[in-house]
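Please read the structure below before turning to the comments.
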DNA sequence: AAATGTGAAACGCTTCACAGCC
DNA sequence: GGCTGTGAAGCGTTTCACATTT
């Protein structure tokens, strides 16, 4: 495969290309030019070609890209095709929505357990996933190993929960709580803060005059 | 206030600073240096100061920033303090989680109505928000004006729903569906694609050796 | 003495433009 | 003729480093 320093934003766009190629494949298209795929993704065509060039040559000059082949390549680059086991921290509204999101298991992302501290939620089963008390994390993880922890707790609890995940050897964290998680460099943390998105939209709407 | 070209990423970070200042304020802190606030947010301190400098001078040399004052300034910059009325498109799992997310109304973001095409969902009331059939969008918006549309439909429906929002004069769209929305330049669209986040995390986990 | 505010340098991503290939 | 792949130029963001202020 390829070189070393892959911009994070390139990885982001690869996933975006994959999503778009999936759509085009469903629509029965077979060949596409960088120009057209880029337009579909809202990026510049040179950018798309450059992103791909980090990983190899997947097109045919004068012709374009085979949609199924390119999708296969991108999936391989992203490490799709394997399964990822995850634990959910916080079985509130957002957490339960994630448990029910069909897209995730289809792409190999599977929740093996959920955790909360609200007695009312503990013992429930949401979409086949059992909700345990937080203090059972260690043994549940021994029983059902997982690589990814998804944090959907209130902001106040997020850091503590992250520390617990890291202690229990979780290597990747996806944090939906509106705080920044502090973590050692060998743990990968992705943040998704909905509140920031709303604020950003509001800012630009205000500027619209 | 300030100049013209504000990088989108600066706006993103302003909201991040606001979130962090809110936390610090709750903890009872009063004064903070750019160094410490930056660490708390996971950014470089020069960056933080530069971000703020687009909008004015809010600190005291030799001292630092007053947390409540800085928070007030950032909120004003972001246009917080006013109310934003929103419609939700798609009352599925994610949509309902958004309707129940307490953070949003606290920050002035209020859903006036939700829309779906599933007869089973239409007529329900989720957290005081009524779910209408999609074809009632126009008159509901006349009755309850809104500036923001939040799309939480399946990918297939997202573009169509966005077009409908734009026809009905919605100026800001927050799209949670895993497709890129095409839109005229006078409409502001923010994307939040969960599937891409999971893919990105998986990519970096694979690289971890 | 300490910490901000900010030109200027450094850096990294984006876009151009064209050679190379079908 | 058309489209990819890519070195190089362009551009925007990040970081440095220090003058400035309290």
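Just so you know, glycine gets a Cβ as well, placed from its N, Cα and C.
Bear in mind that the values here come from a model prediction, so they are computed numbers and not experimental data.
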Tell me which range among B:16-55, B:56-95 TrEMBL lists as DNA-binding region.
B:16-55
Where does residue B:90 (NAD(+) binding site) sit in the DSSP three-state scheme?
coil
Can you tell which of the binding-site residues (B:90, B:92, B:95) has the fewest other C-beta atoms within 10 angstroms of its C-beta?
B:92
For the binding-site residues B:90, B:91, B:93, B:94, which residues show a Cβ-Cβ distance under 8 Å to chain A?
B:93, B:94
Name the residues of the same chain, 6+ apart in sequence, whose Cβ is under 8 Å from the Cβ of residue B:93 (NAD(+) binding site)?
none
Nonlocal residues around residue B:94 (NAD(+) binding site), in sequence order (Cβ under 8 Å, 6 or more apart):
B:152, B:176
What mean pLDDT does the predicted model reach across the domain 'CoA-binding' (B:79-180)?
97
